[in-house]
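Have a look at the structure below before the remarks.
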2 protein chains.
Amino acid sequence: MNLTILGCYAATPRTFTNPTSQVLEIRNRLFLIDCGEGTQVQLRKNKLKFSKINHIFISHLHGDHFYGLIGLISTFMLLGRTADLHIYGPKGIKEVILLQLKLSNSYTAYNLYFHELISSESEIIFEDEKVIVKTIPLKHRVYTNGFLFQEKIGDRKLDMNAVQNHKIETCYYQKIKNGKDIELEDGTLIPNEKLTFDPIPPKSYAFCSDTVYDESIIPIIENTDILYHESTFLETEAHLSEKTMHTTAKQAATIALKANVKQLIMGHYSTRYASIELFKEEAETIFPNVLLSDDGKTFEF
Amino acid sequence: MNLTILGCYAATPRTFTNPTSQVLEIRNRLFLIDCGEGTQVQLRKNKLKFSKINHIFISHLHGDHFYGLIGLISTFMLLGRTADLHIYGPKGIKEVILLQLKLSNSYTAYNLYFHELISSESEIIFEDEKVIVKTIPLKHRVYTNGFLFQEKIGDRKLDMNAVQNHKIETCYYQKIKNGKDIELEDGTLIPNEKLTFDPIPPKSYAFCSDTVYDESIIPIIENTDILYHESTFLETEAHLSEKTMHTTAKQAATIALKANVKQLIMGHYSTRYASIELFKEEAETIFPNVLLSDDGKTFEF
């Protein structure tokens, strides 16, 4: 699993900072999360393949999280895309994208599927054989969801020495990976745990932006491996944080602590501060495992 | 009069090239022409003051000419703008901007005036005491206008030596600048031409993008000082030019020649070519005074 930060600054795009967008690669699937203005250029700069993105998750319809979406959809069109594209986001996203396509008299040659979200409860919005994605209802000035990406438990790993010692034929391998015991031709039963190792533990990633400090998300993100939580402000601006329905670094760390996550990544920084290191310093007074996102940075887990 | 090119490349924004946007400063007014994705960042990079932009002209609703507009409007809002903002563009522009503001539950504290264009004839869309702006109906895949910016003839310039020799009082200066003759106290009539110089000749700038080769614009742009005309392709791609309703460098030069403009600026380049110098070379076979626009370049006239 790896995560590339295309943009992690609040509000407007600037010369050296970009609004929210990130790419999560998980079990060979590439998920785009949020799409602020300039995301397509950030994808190019970070040499990420446009064609590998088939699912885009939009947290909310504030500009710094989705004004780059229409441009990306248009560029997919110009690049001759044919693969389906799925977009998950708040109700209204379909209307605004289709209106812009209509006004420019441009229609995608690929299928564009909108999955509009309206629920205030966590729900599964994507699932295939390897990954499941759930919403994390957040509290912000407009309807907002975070997203929880969970790997499913994979097949058990074959212990090739054991399998070959017992001269088990290849056609049984998948059954063994699925956890089945094997009866040899002489009638001996070999229990599965003698033929396999435990599968790689599934990882999980929670994206929470934008939101006010809200403990009601804890049951949803509990024990997550990696939590990206917005930290627009420091505690010195707690009043602004409350007013604008954002979170301080200390509050983000408190959520990380109470939800027992392994790793906290901070982001959605206000550009008023001299250094983003200040967010880490403040968060570490509460929770030890803090990483700072920054535009162009990739994390491998 | 000076012109700053924020972006002059066709289709999608890329790492080092930006879609169409330019700022025309004319008689101390700052006009933004087109607003592709990333325009607000280009404004910052070129150190242009956001607050000086009160009028935005959008040629057509293809993404590479207007997907940056909603972001700029939002940023004006975040910067605490209070001055009126006027937007001139094709019908539909108001609906799409207001829908996006509504979905983000964001409303501008400044007045936003939309001047929606529907005419297929040239019309005056802006006029004050110093500048007049007319549309140039263009032929493209969607409803499109170019824009003709004309300085008005200014006051006559006082010949300070002559004025002081005749001991004319300051209170008559504006009358003289307006072209009036002056009668001295002894009854002598001093004709205006003895007291003034001709005013600075008014300049004009025509912006034509996007369009197929179309001689019907010639009467509108005839004798213009500076013509920016799109040249998406070279003649080797004339078939694509026709198909996509764009212009080749040679065709742009032909328009410049037939309209008897003083200077042609080329732009809206397809990124398929190794060098933009090729556009200049091709155009110069037809018309001698050719300049190449490029992102971040400023022309002074």
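Counting starts with 1 at the first residue shown.
Even glycines carry a Cβ here, placed using N, Cα and C.
Pulled from TrEMBL, these are the features on record:
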{"type": "ACT_SITE", "residues": "B:Asp64", "note": "active site, proton acceptor"}
{"type": "BINDING", "residues": "B:His60, B:His62, B:His140, B:Asp210", "note": "Zn(2+) 1 binding site"}
{"type": "BINDING", "residues": "B:Asp64, B:His65, B:Asp210, B:His268", "note": "Zn(2+) 2 binding site"}
For the binding-site residues B:His62, B:His65, B:His140, B:Asp210, B:His268, return the ones with C-beta distance to chain A below 8 angstroms, or 'none'.
B:His62
Just going by other Cβ atoms within 10 Å, which of the binding-site residues B:His140, B:His268 has the emptiest spot?
B:His140
Please report how many Å separate the Cα atom of B:Asp210 (Zn(2+) 1 binding site) from that of B:His268 (Zn(2+) 2 binding site), as a whole number.
8
At the level of the C-alpha atoms, what whole-angstrom distance separates B:His65 (Zn(2+) 2 binding site) and B:His140 (Zn(2+) 1 binding site)?
13
Distance [Cα-Cα, Å, rounded] between the residue listed as 'active site, proton acceptor' and B:His268 (Zn(2+) 2 binding site):
10
For the recorded Zn(2+) 1 site formed by B:His60, B:His62, B:His140, B:Asp210, which further same-chain residues have Cβ atoms within 8 Å of the site's Cβ center?
B:Ser59, B:Leu61, B:His65, B:Leu138, B:Arg141, B:Val142, B:Thr144, B:Ser209, B:Thr211, B:Met245
B:His268 (Zn(2+) 2 binding site) versus B:His62 (Zn(2+) 1 binding site) - Cα distance in angstrom:
13
Conformational class of B:His65 (Zn(2+) 2 binding site) under the three-state DSSP mapping:
helix
Round to the nearest Å and give the CA-to-CA distance linking B:His268 (Zn(2+) 2 binding site) with B:His140 (Zn(2+) 1 binding site).
14
Sort out the sequence-distant neighbours of B:His60 (Zn(2+) 1 binding site) for me: same chain, 6+ apart, CB within less than 8 Å of its CB, listed by position.
B:Phe66, B:Gly89, B:Pro90, B:Leu138, B:His140, B:Val142, B:Tyr143, B:Thr144, B:Asn145, B:Asp210
